């Protein structure tokens, strides 16, 4: 049973702003207006929910959807087919009636649209059933001779021509054929084309340091770009005619316009976060975080001076203190490495998380329970009040309502996923994708204020 099927309300929620997501895609389109756009929705759309995010990407005009694992791409294709977003046209369903209406409006406004985006998958193993993947008309990356043979066998079994993106390893040393062996891969790919089993539709690669601010990183990125151009030339020399070439993800979209070519891959920026917030923040880039991770206060309690908090007793109250218990822990995806460094938004303020991070709850220091004269201080929050782990600090509503129904004013912005990542010593990508599948993803309808 998923938590969305559970009649008992779940106290942790990931609230997803689909309009912000679409705004971000349109914003990133401005960086590469002459290129097709691939919305990267791998890893369950970076934890945001691949189904709703993919529909939003289609509506926003993305021509492509990018998914790492072939299995996830296959499930996505089945979902889109079920929604009536077929491979050649939009069938008539309630979902596509809405989508068609909005596509018409977008066309009227001169915006790019994509009635049927193609899907690219680039990660599979010898045991992957590529026959089904190819029947789903999913483009596949090929990084080696073995993969080329596997795709050809899958195409033969499917009775279809497989669309292939030949991948060149330009310096990431991950997927992709080496520059030395790429001519052989191209030659054999051309032979497979002649046999009718594949169509090489693209050459592609991954940068490794396009979001780093150092001269060394810039020099290496340009070296990768030179290698990519050389590899594309090898494909042409082998008699291939790949219509697409793509290497730029978010970092290169922003900082290396010469790498855009005719297709770019929009990943972390579509979810409103910078690939390197030390170089440019979300606000600098004009994008807005899409996910807000929130819960509610489960309990408020007063502890005396000298009381130790959480496992190991590593944090000790130096005075009578109010604590708020929040029902979220590492089983929900909150990284244990934020211990002693994270702050959450509760009661209109940023308050520190104290003690070790348990499996399913954290403890927040809400301040002194007595004033300097020893007089009691009332608790600043109540059970049921909203608490936000991270969200959009650039445009969070300042006013909010307490559980008692009183209006209150937020003195502090909510933390961002970048803030939580900094506390954990990691990157925002991990913060987003760590959120447990058991956490409901909520997709509010837009209000007049947000339209």
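Here the Cβ of each residue, glycine as well, is placed from N, Cα and C on the backbone.
All TrEMBL annotations are machine predictions without curation.
Per TrEMBL, the features are as follows:
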ACT_SITE  42  active site, proton acceptor
ACT_SITE  311  active site, proton acceptor
BINDING   174, 359  substrate binding site
DOMAIN    290-444  domain 'Alanine racemase C-terminal'
MOD_RES   42  N6-(pyridoxal phosphate)lysine
Return the residues near residue 42 (active site, proton acceptor) by Cβ distance under 8 Å, restricted to its own chain and a separation of at least 6 in sequence.
66, 67, 68, 69, 72
What is the interatomic distance between the Cα atoms of residue 174 (substrate binding site) and residue 311 (active site, proton acceptor), given in whole Å?
40
Residue 311 (active site, proton acceptor) to residue 359 (substrate binding site): how many Å between their Cα atoms?
11
Count the Cβ atoms, other than its own, that fall within 10 Å of the Cβ of residue 311 (active site, proton acceptor), considering every protein chain shown.
10
Those residues of the chain, 6+ apart, with a Cβ under 8 Å from that of residue 359 (substrate binding site):
329, 330, 331
What kind of secondary structure is residue 359 (substrate binding site) part of, going by DSSP in three states?
coil
Using all protein chains in view, find how many other C-beta atoms are within 10 Å of the C-beta of residue 174 (substrate binding site).
10
